[in-house]
Amino acid sequence: MNYANHVQYRYLPLTVKGTSLSLIRYSDACKLQRPLPLAFLSAVRQRAHGASRNSLFRVNMAASMASQAVARGLRGANARHLFFDKLKCPQVSSRRWLNLQEYQSKMLMQESGVTVQRFYVADNAPDALQAAKRLNAKEIVLKAQILAGGRGKGTFDSGLKGGVHLTKDPSVVGELANQMLGYSLTTKQTPKEGVKVKTVMVAEALDITRETYFAILMDRACNGPVMVGSPQGGMDIEEVAEKTPELIFKEVIDIFEGVQDDQALRMAANLGFKGPLERQAADQIKRLYDLFLKVDATQVEVNPFGETPEGQVVCFDAKINFDDNAEFRQRTIFAMDDMSESDPAESQAAKWDLKYIGLDGNIACFVNGAGLAMATCDIIDLHGGKPANFLDLGGGVKEKQVYEAFKLLTADPKVEAILVNIFGGIVNCAIIANGITKACRELELKVPLVVRLEGTNVLEAKRILSESGLSILAANDLDDAAKKAVAAIAKK
């Protein structure tokens with residue numbers, strides 16, 4: 001990956017599917033005090049892997065949360081923001097790595113009185129067969145449970161094609177499940193080797209006469225939750241917004257009053273529900289808002305939010321994002337987090353509240369603040385090096401986190417040098433320095449280490465490093481640090 005192809009040194013563009021999300025001056029990024037991974041982490045991930053991730057946080061209305069976050073973070077800095085006005089913001093967050101399987105989201109909805117298909121979950125073929133018989137449905141849908149999208153068009157290493165199968169014969173469900181469970185499913189969003197399927201969902205298949213789209217999400221522009229809907233559901237909402245923006249409807253929710261009856265009915269009518277279905281849809285909308293509050297969600301997206309020939313309004317598929325700050329009161333939900341499909345290094349970093357994404361270079365980056373981390377990656381590339389990772393230490397850093405971060409970086413066999421770039425605003429540089437010296441001694445660091453520190457308590461930090469007796473290359477600024485890191489590898 002060549003950052004220099006995207007950047008002309010002084011500017012850091014965030015790109016998603018080739019569209020500029022915002023354009024931020026390097027000098028402003030270096031002054032950034034608040035970490036903004038909501039926008040930055042996703043942009044880095046897409047620039048690192050090049051893959052489009054349509055399943056990731058596809059909805060964000062009117063004002064993009066990511067762009068708003070960047071704008072607020074710069075606090076009036078002279079930067080030109082090219083906001084998305086078309087629903088193009090991928091999902092990520094300060095630490096929103098809670099991943100629930102489809103059946104887990106459906107269980108939460110069921111508990112809040114939201115209408116979903118009848119379903120069972122199985123982890124072996126005999127149980128899947130019994131579940132199909134218990135459903136006693138006209139048609140059954142069997143779904144492999146993995147976090148990646150595109151299951152329907154995926155392939156198993158067992159030879160089975162498709163992670164979603166419809167059948168009217170319950171007896172074949174066991175055979176299909178036998179070709180799914182324990183095998184790897186490869187889709188356009190999984191790694192090349194695929195993801196091993198451990199559970200399947202056996203559900204009642206319902207006919208859908210009409211599909212709509214509905215979501216509730218937090219919108220910074222409105223300082224609270226917003227309902228978003230469209231009568232055009234069952235497809236990418238970005239496409240609807242681009243081609244027919246008049247079919248996107250928005251209702252701002254008063255956080256103190258909640259969703260009012262007239263709001264719910266108006267949204268139901270805008271979604272095209274008529275007669276008794278309008279009242280039924282409005283009731284489901286209010287129940288979805290109750291769920292939104294109950295689980296401390298940042299987004300509840302239902303697509304399709306449809307109606308059946310029998311006159312039922314059903315939430316057929318849903319995506320729920322949770323606020324990690326509410327983990328202390330949502331322990332049951334966070335305990336359901338499926339980390340088995342996550343990158344082991346990212347999972348380990350998350351335990352220490354670090355934001356880590358592995359890249360393909362050989363210079364490890366150890367930085368506080370997502371904007372500064374991106375700037376560091378870009379300038380390493382500018383001077384002929386390749387970043388090995390994106391690691392954002394965040395604001396409230398402790399010595400133990402510094403140690404664990406070094407442990408993570410040195411575990412990567414590709415790493416041939418480490419560049420520490422800290423701009424201390426709310427971060428105390430002396431804490432970083434103590435953490436660095438401890439890590440270097442205990443981990444017996446074998447690769448060159450370049451350190452650039454600036455900001456709070458920097459003189460004390462520099463004293464700690466200089467008196468440590470460790471082989472540490474001090475840098476005056478980021479440009480100097482990047483040059484020294486690249487040169488250190490060249491000498492080897």
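Each Cβ is built from the backbone N, Cα and C atoms, and glycine gets one as well.
Residues or ranges marked as domain 'ATP-grasp fold succinyl-CoA synthetase-type' by TrEMBL: 99-305.
For Gly152 (GTP binding site), applying a Cβ distance below 8 Å and a minimum sequence separation of six or more within one chain yields Gly162, Gly163, Val164. What TrEMBL records for Gln117, Gly150, Arg151, Gly152, Leu206 is GTP binding site.
What TrEMBL lists as site 'Important for substrate specificity' is Glu139 (among others). Contacts of Glu139 (site 'Important for substrate specificity') defined by a Cβ separation under 8 A and a same-chain sequence distance of 6+ are given as Leu166, Thr167, Lys168, Glu204, Ala205, in order along the sequence.
Annotated site 'Important for substrate specificity' per TrEMBL: Asp207 (among others), in sequence order.
Per TrEMBL, Mg(2+) binding site is recorded for Asn303, Asp317. Around the Cβ of Asp317 (Mg(2+) binding site), the number of neighbouring Cβ atoms within 10 Å comes to 18.
Per TrEMBL, domain 'ATP-citrate synthase/succinyl-CoA ligase C-terminal' is recorded for 367-486. This prediction places the mean pLDDT of the domain 'ATP-citrate synthase/succinyl-CoA ligase C-terminal' (367-486) at 89.
Within 10 Å of the C-beta of Asn368 (substrate binding site) we count 26 further C-beta atoms, all protein chains included. If you look up TrEMBL, you'll see Asn368, Gly425, Ile426, Val427 marked as substrate binding site.
The Cα of Gly150 (GTP binding site) lies closest to that of Asn303, out of the recorded positions Asp207, Asn303, Asn368, Ile426, Val427. On the backbone, the CA of Gln117 (GTP binding site) and the CA of Asp317 (Mg(2+) binding site) stand 9 Å apart. DSSP places the residues of the domain 'ATP-citrate synthase/succinyl-CoA ligase C-terminal' (367-486) in helix, strand and coil in these numbers: 57 helix, 23 strand, 40 coil. Cα of Asn303 (Mg(2+) binding site) to Cα of Ile426 (substrate binding site): a distance of 41 Å.
Cα spacing between Gly425 (substrate binding site) and Asp317 (Mg(2+) binding site): 43 Å, rounded to the nearest whole number. Within the set Asn368, Gly425, Ile426, Val427 that the record links to substrate, no two Cα atoms are more than 10 Å apart, and one pair reaches that distance. A separation of roughly 56 Å, to the nearest angstrom, links the Cα atoms of Asp207 (site 'Important for substrate specificity') and Val427 (substrate binding site).
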